[in-house]
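Trainee: Pulled the feature table from Swiss-Prot, pasting it below:
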- 79-169: domain 'ARID' (DOMAIN)
- Lys205: SUMO2 cross-link (CROSSLNK)
- Lys229: SUMO2 cross-link (CROSSLNK)
- Lys244: SUMO2 cross-link (CROSSLNK)
- Lys272: SUMO2 cross-link (CROSSLNK)
- Ser291: phosphoserine (MOD_RES)
- Ser307: phosphoserine (MOD_RES)
- 314-364: zinc finger (ZN_FING)
- 458-624: domain 'JmjC' (DOMAIN)
- His504, Glu506, His592: Fe cation binding site (BINDING)
- 697-749: zinc finger (ZN_FING)
- Ser884: phosphoserine (MOD_RES)
- 1174-1235: zinc finger (ZN_FING)
- Ser1342: phosphoserine (MOD_RES)
- 1428-1441: compositional bias 'Basic residues' (COMPBIAS)
- 1473-1487: compositional bias 'Basic and acidic residues' (COMPBIAS)
Amino acid sequence: MEPGCNEFLPPPECPVFEPSWAEFQDPLGYIAKIRPIAEKSGICKIRPPADWQPPFAVEVDNFRFTPRIQRLNELEAQTRVKLNYLDQIAKFWEIQGSSLKIPNVERKILDLYSLSKIVIEEGGYEAICKDRRWARVAQRLHYPPGKNIGSLLRSHYERIIYPYEMFQSGANHVQCNTHPFDNEVKDKEYKPHSIPLRQSVQPSKFSSYSRRAKRLQPDPEPTEEDIEKNPELKKLQIYGPGPKMMGLGLMAKDKDKTVHKKVTCPPTVTVKDEQSGGGNVSSTLLKQHLSLEPCTKTTMQLRKNHSSAQFIDSYICQVCSRGDEDDKLLFCDGCDDNYHIFCLLPPLPEIPRGIWRCPKCILAECKQPPEAFGFEQATQEYTLQSFGEMADSFKSDYFNMPVHMVPTELLEKEFWRLVSSIEEDVTVEYGADIHYKEFGSGFPVSNSKQNLSPEEKEYATSGWNLNVMPVLAQSVLCHINADISGMKVPWLYVGMVFSAFCWHIEDHWSYSINYLHWGEPKTWYGVPSLAAEHLEEVMKMLTPELFDSQPDLLHQLVTLMNPNTLMSHGVPVVRTNQCAGEFVITFPRAYHSGFNQGYNFAEAVNFCTADWLPAGRQCIEHYRRLRRYCVFSHEELICKMAAFPETLDLNLAVAVHKEMFIMVQEERRLRKALLEKGVTEAEREAFELLPDDERQCIKCKTTCFLSALACYDCPDGLVCLSHINDLCKCSSSRQYLRYRYTLDELPTMLHKLKIRAESFDTWANKVRVALEVEDGRKRSFEELRALESEARERRFPNSELLQRLKNCLSEVEACIAQVLGLVSGQVARMDTPQLTLTELRVLLEQMGSLPCAMHQIGDVKDVLEQVEAYQDEAREALATLPSSPGLLRSLLERGQQLGVEVPEAHQLQQQVEQAQWLDEVKQALAPSAHRGSLVIMQGLLVMGAKIASSPSVDKARAELQELLTIAERWEEKAHFCLEARQKHPPATLEAIIRETENIPVHLPNIQALKEALTKAQAWIADVDEIQNGDHYPCLDDLEGLVAVGRDLPVGLEELRQLELQVLTAHSWREKASKTFLKKNSCYTLLEVLCPCADAGSDSTKRSRWMEKALGLYQCDTELLGLSAQDLRDPGSLIVAFKEGEQKEKEGILQLRRTNSAKPSPLAPSLMASSPTSICVCGQVPAGVGALQCDLCQDWFHGQCVSVPHLLTSPKPSLTSSPLLAWWEWDTKFLCPLCMRSRRPRLETILALLVALQRLPVRLPEGEALQCLTERAIGWQDRARKALASEDVTALLRHLAELRQQLQAKPRPVYTSATACDPIREGSGNNISKVQGLLENGDSVISPENMAPGKGSDLELLSSLLPQLTGPVLELPEAIRAPLEELMMEGDLLEVTLDENHSIWQLLQAGQPPDLDRIRTLLELEKFEHQGSRTRSRALERRRRQQKVDQGRNVENLVQQELQSKRARSSGIMSQVGREEEHYQEKADRENMFLTPSTDHSPSLKGNQNSLQHKDSGSSAACPSLMPWLQLSYSDEQQL
């Protein structure tokens, strides 16, 4: 490339092949197949099948190697020439005691070599100066014009290059008459070269190989010297023209400092533009521009005069031959000659100090050839891991990016830039040519010590295994016994980025194959063999300096040249990137080179095939001309293969025969020439037993085998017969022939090869005669098959003739198979495609043209005659259309049996298909036929589109299409009606159905519409029937009709009315449920309204209650023993209700008797065998705290059931003592099994009945409610009659008087100390003790002494217990029994009546007060009161904390914390709300359901009013009564 052209253009890609698995099985065969294409490029790339992935078999832990060191810019030929030139010019100045500094021009180091070459090409220095063409020189160096760079280049050339050129040409003894130039600018910055010889550099650290670092090293440090004490140094001021002596390396030191000397070597030649003011200097060129600076190591001394004459004669100037002026004589340190300083060119003004050599020594030193270039070995040994770490680190640091992200194109351009750069030194390492036997191959090897897996064994024997390929049967190298490293034995390569392999061809011009096991790509460049000599010529032309000293430079694998440079000179170059798992093949004499893109591992080996033999012979002649050593003897290889011809592959045998013939002819010619020279002596020599260095020609270095010329007098050498005149000067009689075979033995070997080679020719002649029918006789199939078997058995090559034979056999077999298909019958022909008539005739012609005698040809002729006869009949039938369909079908069946496709059969097929289709259409559309579906019609239309057109078919197809369009349109309408949200009325559906009656197609949506209309009509009829019946319809019937009506896709006006009725009925039932049912009740409304069917069975009743409480019991409609149908008859329901009342009464009486017989839990001891009561919790109630139900007489835990509250009785006042009317206290207890509902008042029930009368719907619950109301009113009438009797009225009047008396008495006081004693002591307390305490005045707390709000209602009630006396009335049995029966019947009613309460007071007053029950109730109420106070305090604390938290969180909290506080605050508020709601519900239900009658208990009304105040105040009568203590007995029951 021209200087400055740094842009690299990638060459075209080489061929890439991807063999199939079948092709991949024969490696050398596949390479031979692609050779005609790939050989034109020199290299090719092969991608194995994707599944072919051999395992990596190298022992990674033991793999250690020492890489080579590669300095990139020394690899490229032109760059190396430049560096060698710099070495020479640097040596030129170094010999004179100076060092070279390379100037910078335009901020780039000046290319001195290119400048020198261009000056020579332009005619030389004098011509350029004369023609003023320095600007052209700058232009050719690619410097920008217009900056006066030409003058600057001229200055640098004159100062640095021109003196060296003068010394090289020997013109240093001639004066140069050029004139000095004026007004020159000052030099640019210079950088020292200081380049030692490359091969003399000892390896050191990785970074020390940089040439640039050495060339750009700083100037030597000056040496401190005491100048004041050295008179010689004082005199050294200026040496002739040029700058001051800055390169002397000396500087004055301070007097106070110790003297020490720094040796600086070498000194410097400093080139400057400035001229000095010396007046006595010469005007020669070198005097103007050079100042030679002496070295400080040694000081040159003048020769002193000696008294001896012999010394005097030696002090003579070699120029003028005079010895005078000895003070001006210079002594040469190289040859000891003397020169006057004024006789030199240029003359020197004074004697220089330091080393000095004369011009003759300088010229001799510069003329020495450079040492041969080669790679150095690194000092560090690597493992794969350590080398990989180093390589990846170097690449990532160099490109400043991850190694896998560096583009290959960028890296390729950077590589060629680096190898062409003289100022940038990049050094890499390459683990190349590593012998596999030391560390193992990358492929599995069969003879390895390790046990191979089945998969590894498969790869170990694969032909693509590089250990196997060189020794395959078709390979030539398998006949070489020695393991030739790199050729027959693979070499391993471990590369890093920029590590390169230079332009080269393989030894003996053999093939090579390279496999990249893993790692980053390897970039290859290849040149075909036809351009190999052209490449050598171009490289010699561009770099003659290298090839003059090393003619075999390209064989040393140390030289690169840019592919763009080669391509610019007409050399065809291709490239490729070899990725992991890919092969690269190089062909014989194909030059190739490349470099690695990064860290990778490759393996390579050579192989030789039969087609290589001519190239191998030409290579030996080429080596002979270059005097290069051979790797093996080509003649020995040929003779060894010829000695065993039967073991050779046939292709190889043919090629060896040709080469052997040429070799024998050449040997005869050479021996004849030897005989003509007069050499007659000869002796046999087994050359193969001699070492190669003992049988090499001393002239051309060729390894001899067939013969050699030796001399008795010169036993140390021999020559090949091509150089018989170069052995020695001895007489021919003293020379003798050393031969391996005689001339008679060689033809014998050639004949054996010929037999092996001609065996194929004999076979080929037989095949040729058979295939060409040259003798007029066709061979039988068996004879042709025998020829093919012979080729397979004798391993004949896969030649064109063999392929023709195989093709012929394949055609014969195909014809026989077709004939058998024709004549073997219809069944055998069903699976095989039919032949056309044309194909039948072609088959007949083919059978006649084949070179094989086939007796089946007669059968084919018979079939052809039958087909032609059938054609005539078919044409006659088609000509007389319309023919009978049966006739057409029979003709078609006969044609199918022929096994041949006749053109007329196709027409018959069309006619039959048309007739069949038309029949199907008629049958589908016939009025009497069953209507077909849309799918059938569409199928007919699709079939009609496939058959051939005719007028009748087209008409039927159009009608069918129109019918299908109409049907699909009505189907869409029906679908819309079925799926639309807005339902259509029945009239619309009827209209759609009427329109589709005449369509002869079954329409699914229309059918669904019909069914929906039918169901709608039936639904309307059902609605009319139930609406016009004798009774209102039942709710269940209406709900069923509504559910059915909603599912119908028809708009029904009656549906909306029914939905309204059902909604109203549900609303009434929900209202009734809220009125009767407790919250979370386990009973249904109907169960509550009806009499309890199992009232007499305690166990059944209790188990059912527990099952319902657990959600396990499901009630049915048989509450009254009626079925669902009987519930629809009002009369049956009333009769069943009456019977249920009687059963309930009988059952409760039986239950009371049973439970009364059970022992009381309050008794001191219980009999183990006696039956006991069981609480709802499943345990036996015992001890204090057990309560007995007033209805069923069973016992329960007070804490397991809801109990009445005594505080719901009238409150005491400060002036009266109504609490002493104990018979009015609410001590009545009904268990949850007896009290199943809220028991609303009769007025509420009557309101529900009024609403029920307005419903046009019958509900079982409504009728049950009516029965319950009638039962309650009936009981109320009987109770009123009983209470209105004279005896009972008198008793009631007496009770009223007692109450008035109690109200007139002052309020009793109670002591705080003994207030709770009766509760704590239980039933054992003595009333007299309590009364005694009451008389003690010290412990009495008067109402005036009580602090407001601190009185305790519980303590007050407890203190009144001792004062309770009774009975207050005497009830005769005649009065008591009816009242108790009424009381029992009233308790069975799920209704609250005032008469019930009045009867309860009478019965209570007629018996002593039940102090045990009162104490139990007080204890339970006290326990509940304490729990309520605890909940109240917790609630109050939460409210306060909430306020504090809200106030604190308002200030400086972030949004997230604020939301969290709000969430917690809302949780607290919801909890508070639930607590307040809980208490409010209890209070409301207490006030709603347990308000006593004002007629009989006037005090209760005031008590009720006083309890409705939730907040206690100082003016309240009893401030300690909290609202949550007003929980009623009814509320506790529902909780």
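Backbone N, Cα and C atoms are what each Cβ position is placed from, and that goes for glycine too.
Provide an account of the burial state, proximal residues and distances for the features listed.
Mentor: Packing around His592 (Fe cation binding site) is summarised by its Cβ count: 24 other Cβ atoms lie within 10 angstroms of its Cβ, all protein chains included.
For the zinc finger (697-749), the number of residues in each DSSP class (helix H, G, I; strand E, B; coil) is 14 helix, 14 strand, 25 coil.
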Trainee: Helix, strand, coil residue numbers for the zinc finger (314-364) per DSSP?
Mentor: 10 helix, 7 strand, 34 coil
Trainee: Please compare the binding-site residues His504, Glu506 by how many other CB atoms fall within 10 Å of each one's CB, and tell me which has the fewest.
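Mentor: Each of the binding-site residues His504, Glu506 was scored by Cβ atoms within 10 Å; lowest is His504.
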Trainee: Using DSSP and three states only, what is Glu506 (Fe cation binding site)?
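Mentor: Note: Glu506 (Fe cation binding site) is coil by DSSP, not helix or strand.
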Trainee: If you run through the domain 'ARID' (79-169) with DSSP, how many residues end up as helix, strand and coil?
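Mentor: Split into helix, strand and coil, the domain 'ARID' (79-169) gives 62 helix, 7 strand, 22 coil.
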Trainee: With the Fe cation site defined by His504, Glu506, His592, which remaining residues of that chain have Cβ atoms positioned within 8 Å of the Cβ centroid?
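Mentor: Not counting the recorded site residues, we get Trp503, Ile505, Ser512, Leu557, Thr586, Ala590, Tyr591, Ser593.
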Trainee: What are the helix, strand and coil residue counts for the compositional bias 'Basic residues' (1428-1441) according to DSSP?
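Mentor: The counts are 14 helix, 0 strand, 0 coil.
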